[in-house]
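Accompanying notes for the structure given below.
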Amino acid sequence: MKVGVLALQGAFREHQKVLAACGAESVQVRKPEQLEDISALVIPGGESTTIGKLLLEFNLFEPLVKLGQGGLPVFGTCAGMILLAREIAGSGQPRLGLMDISVERNAFGRQVESFEADLDIPVLGEEPFRAVFIRAPYIIEAGGGVEVLARFGEKIVMARQGRCLAAAFHPELTGDLRIHRYFLEKCVRAGQNCKG
């Protein structure tokens, strides 16, 4: 199994380190041909508008939509979650639309640059997950096929739909491998019919 990590912006190297610690091989993706041999894709954080433009510029946008619609497991963190969304509040920016979610960008206020919080994520066990939020989005609406995995207060900050996983925070910056392991075990290895 080889996991592609979109390497246009953001903490892609950190994602690769976590994947390696989970025993998964990874490859940086910057060109369409690099999508050919991957079993899954991680879309890191960064600036979602910029990443969307770069996906178009590097001819990655359409191949990613087709692969995602065809069942490629995709894990998006922060800006990656925004790109996975069907709808982005107040924005017509490019998005992959692979999850039936609507998101709000910079949802915790632009003045709140970053913060950390303990999240209860039952699918990961009883121990809270220390999440790092950096100008984070959140999910304002989730369709019927979307499983909400975590909230911060009332705000949805982690969700799964089929083989797609989205987190508003940055698990790659924590040293906690559980979310990446969950993605590999439940979305990648378990196959399309996995329900959790």
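Cβ from N, Cα, C; glycine included.
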Annotated companion of G46, E47, S48, I134, R135 at the L-glutamine site, Swiss-Prot, chosen from R13, R86, R105: R105
Env. residues of L-glutamine site, Cβ within 8 Å of mean position of G46, E47, S48, R105, I134, R135 Cβ: G45, C78, A79, I82, N106, P137
Nearest of the active-site residues (C78, H170, E172) to S48 (L-glutamine binding site) - Cα to Cα: C78
Spatial neighbours of E47 (L-glutamine binding site) among the active-site residues C78, H170, E172 [C-alpha, 10 Å]: C78
L-glutamine site span - longest C-alpha distance across G46, E47, S48, R105, I134, R135, in Å: 13
Alpha-carbon spacing, C78 (active site, nucleophile) to R135 (L-glutamine binding site), which is rounded to whole Å: 8
